[in-house]
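K.L.:
Let me begin by handing over the structure; questions about it come next.
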Amino acid sequence: MIRSVWSRPATKPGPKSPASLQQQFSNSTSSLLYHAYTVYLFSCNNIKDIICMGFLFGVLTASVASRVSMGPSLPFSQIFKSAPGMLLWSWSNLFLFNLHNQRHAPAIAEDAINKPWRPLPAGRLSPHQATRIMYCTYPVVLLISSAAGGMLPCLLEAVFCLWYNEWGGASDPVLKNILNGLGFACFFAGPLEIATGNSVFSGGMKAATWLSILAAAISTTSHAQDFRDMDGDRATGRMTVPLLIGDMNARVLLAVGVTGWTGVACWFWGVGLAEWKDSAVAWAAGAVMVGNFLRDRTRQGDALSWKLFPLWLLGLMMLPVQVGKMLS
């Protein structure tokens with residue numbers, strides 16, 4: 001009798017037990033949550049002052065779009081239909097900026113003192129991994145801008161991001177603040193373009209002019225964020241306006257900038273003494289912020305004062321809305 005040359009088929013593994021499947025699902029969920037939290041930690045410090053402020057600017061300005069030569073003014077119900085695209089645009093561009101900003105050795109050393117919970121000083125990923133994620137994020141950001149809108153602000157923000165983080169812009173305290181202002185203008189323009197479907201350079205360029213005023217205001221006052229980080233900046237040799245001209249001089253400069261640019265914004269929108277109620281929020285928020293910067297010069301006080309900065313910007317953003325109500 002001739003023996004078969006075929007070997008016996010391998011025994012197939014049996015189905016996994018419910019306990020094994022549950023453990024695998026639990027591990028996958030934990031890993032997903034871990035990485036999602038890592039992504040959140042990159043940008044959580046800027047959600048309020050960049051994502052929320054950009055969204056509010058887009059919503060408020062789109063509601064009076066005709067006042068800035070960007071098409072008809074839109075009802076809030078229509079604007080909020082664009083909210084997912086507006087928020088996704090802001091977050092993706094911010095995430096890309098933060099990857100650039102936090103991956104270098106000096107930034108990691110500074111964050112180890114000022115913000116040790118950030119992903120790189122906390123050891124949640126390596127600089128090499130952050131760099132790989134950064135390069136993979138570029139096509140995602142461009143795809144989002146292509147689909148939702150805001151391509152030109154996205155491209156401009158990418159240039160300012162590279163200038164700030166890779167080409168030495170952040171090493172000069174004056175240039176750093178100018179780039180901060182230009183970057184904020186891009187984060188304001190993107191959501192607005194998505195909401196209205198028009199460019200900020202359309203019409204009579206009134207939107208671009210308004211954004212230029214806001215960019216200049218931020219450029220001359222954004223050193224407000226540096227007071228809270230002075231210890232870490234001094235330890236790492238990073239030069240900022242407060243360290244360059246002195247603590248008190250920088251606070252006085254901030255007070256002058258807030259007062260001056262609030263006045264310029266009121267002039268641009270035709271808000272005079274007779275219409276003081278239309279600018280009350282901007283003046284009040286600016287006064288409270290500056291007052292706290294001058295009164296409480298502790299690091300905790302500076303952190304609180306910086307949290308008031310977006311309220312002043314919000315007061316400026318409300319000016320065209322208030323003027324629109326006055327004229328309607």
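Cβ from N, Cα, C; glycine included.
Annotations for this protein, taken from TrEMBL, read as follows:
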{"type": "REGION", "residues": "1-21", "note": "region 'Disordered'"}
{"type": "TRANSMEM", "residues": "140-165", "note": "transmembrane segment"}
{"type": "TRANSMEM", "residues": "177-196", "note": "transmembrane segment"}
{"type": "TRANSMEM", "residues": "252-270", "note": "transmembrane segment"}
{"type": "TRANSMEM", "residues": "306-323", "note": "transmembrane segment"}
K.L.:
With Cβ-Cβ distances below 8 Å as the criterion, list the same-chain residues six or more beyond the ends of the transmembrane segment (177-196) that contact it, or say none.
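P.N.:
Cβ under 8 Å, 6 or more out: 50-51, 53-55, 57-59, 61-62, 65, 70-71, 74, 79, 82, 85-87, 89-90, 93-94, 97, 145, 148-150, 152-154, 156-157, 160-161, 163-164, 169-170, 207, 211-212, 214-220, 222-223, 241.
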K.L.:
Which residues of the same chain, at least 6 past either end of the transmembrane segment (252-270), have a Cβ under 8 Å from a Cβ in it?
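P.N.:
Beyond its ends, the transmembrane segment (252-270) has Cβ neighbours at 209-210, 213-214, 216-217, 220-221, 223-224, 241, 245, 278-279, 282-283, 286, 289-290, 293-294, 312, 315-316, 319-320, 323.
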